[in-house]
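One structure is given below, encoded as structure tokens.
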Amino acid sequence: MWTDGACKGNPGVGGWGVWMKAGGRDKELWGGEKVTTNNRMELTAVIEGLKALTRPCDVTLHVDSQYVKNGATSWMKGWKRNGWRTADKKPVKNAELWQELDAELQRHHITWVWVKGHAGDPGNEKADELANRGVADQR
């Protein structure tokens, strides 16, 4: 699974895209919001991709967002322990999305793979194209 978020202005019109590939089949998902941020769209892409899986799966999840990867694999454990507050006691930004992602992560076994955005990874390029389709649909 490859996911990506896009935003024209930050905040601004945003979109998210997911490209899933398994067993010779692929699936494309995308959507968007009128006023959002790039980080919210990156998170939403992962959430929507995982929600689309109807049963628990082993997922290799390719993201170009260090924010999402680090949040899910490192920071979230501490945020949960601190009542969704950061180490300096401030509320976690996008907490409702992180909580939704946390619920989805419980259902699946995830192998996280960070890919450099816009660097020729075919799956990332496809997810980016879908995220931009999500932006276009909001205009």
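Every residue gets a Cβ built from N, Cα and C, even glycine.
Under the heading domain 'RNase H type-1', TrEMBL lists 1-136.
Classification of Glu42 (Mg(2+) 1 binding site) by DSSP places it within a helix. Per TrEMBL, the feature Mg(2+) 1 binding site maps to Asp4, Glu42, Asp64.
Look at TrEMBL and you will find Asp4, Asp128 tagged as Mg(2+) 2 binding site. Residue density at Asp4 (Mg(2+) 1 binding site): 33 other Cβ atoms are found within 10 A of its Cβ, drawing on all protein chains shown.
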Integer Cα-Cα distance in angstrom, Asp4 (Mg(2+) 1 binding site) to Asp128 (Mg(2+) 2 binding site): 5
Of Glu42, Asp64 (the binding-site residues), the residue whose Cβ has the fewest other Cβ atoms within 10 Å: Asp64
Distance, Asp128 (Mg(2+) 2 binding site) to Glu42 (Mg(2+) 1 binding site) (CA atoms, angstrom): 10
DSSP-derived helix, strand and coil totals, residue by residue, for the domain 'RNase H type-1' (1-136): 58 helix, 45 strand, 33 coil
Asp128 (Mg(2+) 2 binding site), number of other Cβ atoms within 10 Å: 22
